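Written below as structure tokens is the structure these notes are about.
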Amino acid sequence: MSDIRKWFMKAHEKGNGSAPKSTSSKAGPVKNAAETAPIKSEQASEDLETADRRKTSKYFGKDKTKVKDEKEVEAIPAKRKLKTESDDLVKPRPRKVTKVVDDDDDDFDVPISRKTRDTTPSKKLKSGSGRGIASKTVDNDDDDDGEDKETPLKSAGRGRGGRAAPGASTGGRGRGGGRGGFMNFGERKDPPHKGEKEVPEGTPDCLAGLTFVISGTLDSLEREEAEDLIKRHGGRITGSVSKKTTYLLCDEDIGGRKSEKAKELGTKFLTEDGLFDIIRSSKPVKKSLPERSNKGTEKICAPPKTSPQKEETRGKPLAKSSPKKVPPAKGKNKIIETSLPWTEKYRPKVPNEIVGNQSLVTQLHNWLSHWHDQFGGTGSKGKGKKLNDAGSKKAVLLSGTPGIGKTTSAKLVSQMLGFQAVEVNASDSRGKANSNIAKGIGGSNANSVKELVNNEAMAANFDRSKHPKTVLIMDEVDGMSAGDRGGVADLIASIKISKIPIICICNDRYSQKLKSLVNYCLPLNYRKPTKQQMAKRLMHIAKAEGLEINEIALEELAERVNGDIRLAVNQLQYMSLSMSVIKYDDIRQRLLSSAKDEDISPFTAVDKLFGYNGGKLRMDERIDLSMSDPDLVPLLIQENYLNYRPSGKDEAKRMDLLARAAESIADGDIINVQIRRYRQWQLSQSCCVASSILPASLLHGSREVLEQGERNFNRFGGWLGKNSTAGKNRRLMEDLHVHVLASRESSAGRETLRVDYLPLLLSRLTSPLQTLPKDEAVSEVVDFMNSYSISQEDFDTILELGKFKGRENPMEGVPPPVKAALTKKYNEMNKTRMVRVADMVQLPGVKKAPKKRIAAMLEPTVDSLRDEDGEPLADNEEGNGSDAEEDSEEATDGEKLESNLKNLNARGIQVELDLKGAGSSGSRKAAGKGRGRGKAADTSAEKKATGRGSGAKRKR
């Protein structure tokens, strides 16, 4: 046993000796043994300590002897008492915690001041070990009772973490383990006593004005739970320590930037138990508990008189409802004003009231105010301005997320400058204007817009004298879909000839629909306002409507609506219908049931599934993320699941999880085949669970790099690129196969050609270029290409398919002059080359035959039917009545083919169509002609017979 362990055990013997109310039968012997035999006392204390480590608070609360001892102490909440009873007999901390709670009941201000004094960092805290803190409480046991009640407040929760099991500490889950060094960077450990402490409830504003920064792993709360607890009670959470930070919330000093910055600025350190005590002390109900128990049943009705906060909150809804009844008596204007939606009622009246983006509003104001000076109604661009200059743009494009004030700013700026705004939004037809306008602008909105920008005609309700200046607002231009065919192109044409300014508004300026429109507009990108800016505006609206809500709750509302201030005002109005005092939890509950739908990319979905909080997502949320793109999300998960390391798992456990995830991905692929091939769409959710949800739930955690130089973010699915390359190679191989079959030099199938023939073809095409002289090598290679009907594209295909990773390029040693001579020689012989396949030349007036059909025709089968003796059948024996039906069609096709072949022969191109069945079909044509045309038929028959006979002879 190490020296620090001996010192720690002796400290607890001293603490047990100073506990006067301990009724345990083992506490006394431990103290006596410490005086007579130190070695035996250490062994006894160690046995008690190890026995205590195997117990938790939920099981240890069943000890009846300790419950009787605790009854001597004044009453406290039952759940809290079970948590404090979970400590060992040798630890006097539970009794001290109960005394501190009683002390808190006497005076509410003491815990705050005491925590600020006791939670300053010390050397023992800096060591990161809970044992040092435990020794501090033992040293204070010798002091008077007042000091004894103050110090254990800090060590109650810290001591439990410090005295955790040794295995837990080495694993990084105890208080002494911490988050480790660089190798554990980015890993957030689970709280060592998660769910074992009762979370207190205080007044809603007990933490108002306090700013907290959370660092490290807390004792029983997750970081998100601690943030919600602080915000629920009016506190503010920031990400870094500054001069405005009140407390650094951490249960151990793990070092790092936050801790060093806090020590440098003198920021006070606060533990989780200290935070609980601050919140618990603000609740005045505990102060009246002893009074009700002592004064009997007559005093039971008294507590409502001692809780003024409830009286105030109950009286405020009445005060809120009374003004609602007053406005009807004040006139019709008030009735109309109260019936308006808040988004219209509190719409900004001047540009300065717009939340955020003031610089863009000023830029829009300057552009619109100088528009007529720049273009002067001439319809042409200003002189002296470059095309890429902002002042040379006749239109402006406002882009940004919905609800951040784009349309409002356009209308307010136009109104302030004296322009009359003509708005055209997605509900209007914005297609291409008619070229011939007979009735002016009547009946067509697109025509009215066209004439408006030309100033050729005006609507009936448009008074030119009163409004000499006009601005056209084209809202939601990225929503021009199939119903507005040609709308974007017509809008660009209108901008070019426009005599009035045009303001275009969209949500996504990077949409493919607006790719050409952006070049003709001045882009102004609106950004989301900060949550502080939105909370300030929402607080103004809440006060005007008589609502009670704190700024922290409004900031949470602003953060949840993703910068959409219109949605935030609507949600605030909905909640005001049922409550006049809105709390932090009310906003969270409201937005949880009516969250705004948003489009997320597959990368964002994978990040959320594999993130630290991926295990906390509900099942419906995981399904929504996986089904956001059911084709791409599983591919991204399969590409990146190996890079994720689950928190708190060793290498063996991680390999087991990887194997289970791979098996689940394979099952998902099998289900996907059933869905795509057999249209079993009822299995889509099963495929989603197997291919996305299960792998992400097994491996969610931190992402690490497996190869040096790799970027630490999710890669795009590599299967898509490989599948595209495989499809391209398959098409090229099909072309090569058809050409080789047409040459009659080989009758191999496509697989045989790829496996057996392709290496030999590659050697015959490249070896002469490397070994023989230039002229001889070029001639040999070109002759070989002609014999197998290999084109220049086929030559490149053979080279591409012959490349393998780790092997050298076949054309590596060929000099550039030889390559140039080969290309030149091949092109020179192109005019006299005999083309043996139909798809290598396009005959005018004849459709190109499908490649698969040509390949089937070129298969090495018997050209014509034969009789029992092996001789070809006669012409009149081959066909039946069906041949007679096809005679007329074949005759016309044959005439066209002959004329086209003559034209090609005149150009010097010799075409030989030596396909399957060519001779027999020609014979049928000749027989049909011979019946009615005499000599001409005989001549044609002789020609066809000659061709057929030669073909048959070659086959024999």
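Quick reminder: no glycine exception, Cβ is built from N, Cα and C everywhere.
For 1-15 (among others), the entry in Swiss-Prot reads compositional bias 'Basic and acidic residues'.
The region 'Disordered' annotation in Swiss-Prot covers 1-206 (among others).
Sequence annotations record features per position, and here Swiss-Prot assigns compositional bias 'Basic and acidic residues' to 50-74 (among others).
Residues or ranges marked as compositional bias 'Gly residues' by Swiss-Prot: 158-183.
Positions annotated as compositional bias 'Basic and acidic residues' by Swiss-Prot: 186-200 (among others).
The residues of the domain 'BRCT' (202-292), classed with DSSP into helix (H, G, I), strand (E, B) and coil, number 38 helix, 12 strand, 41 coil. What Swiss-Prot records for 202-292 is domain 'BRCT'.
As annotated by Swiss-Prot, region 'Disordered' applies to 286-332 (among others).
Marked as compositional bias 'Basic and acidic residues' by Swiss-Prot: 288-298 (among others).
Under the three-state DSSP scheme, G405 (ATP binding site) falls in the coil class. If you draw a 10 Å sphere around the CB of G405 (ATP binding site), it holds 24 other CB atoms from the protein chains shown. Here Swiss-Prot flags S399, G400, T401, P402, G403, I404, G405, K406 as ATP binding site.
Among the features that Swiss-Prot reports, region 'Disordered' is placed at 858-956 (among others).
Taken from Swiss-Prot, the feature compositional bias 'Acidic residues' applies to 866-892.
Positions annotated as compositional bias 'Low complexity' by Swiss-Prot: 916-925.
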Taking only same-chain residues 6+ apart in sequence, whose CB is under 8 Å from that of S399 (ATP binding site), what do you get?
K406, I505, C506, N507, D508, R509, P523, L524, N525, Y526
On the three-state reduction of DSSP, what should I expect for G400 (ATP binding site)?
coil
Per residue, counting other C-beta atoms within 10 angstroms of the C-beta, which of the binding-site residues T401, P402, G403, I404 reaches the highest number?
I404
Return the single residue from the binding-site residues list (G400, K406) that has the minimum number of other CB atoms within 10 Å.
G400
So around the ATP site, S399, G400, T401, P402, G403, I404, G405, K406 aside, which residues have their CB within 8 A of the centroid of those CB atoms?
N507, Y526, K528, D564
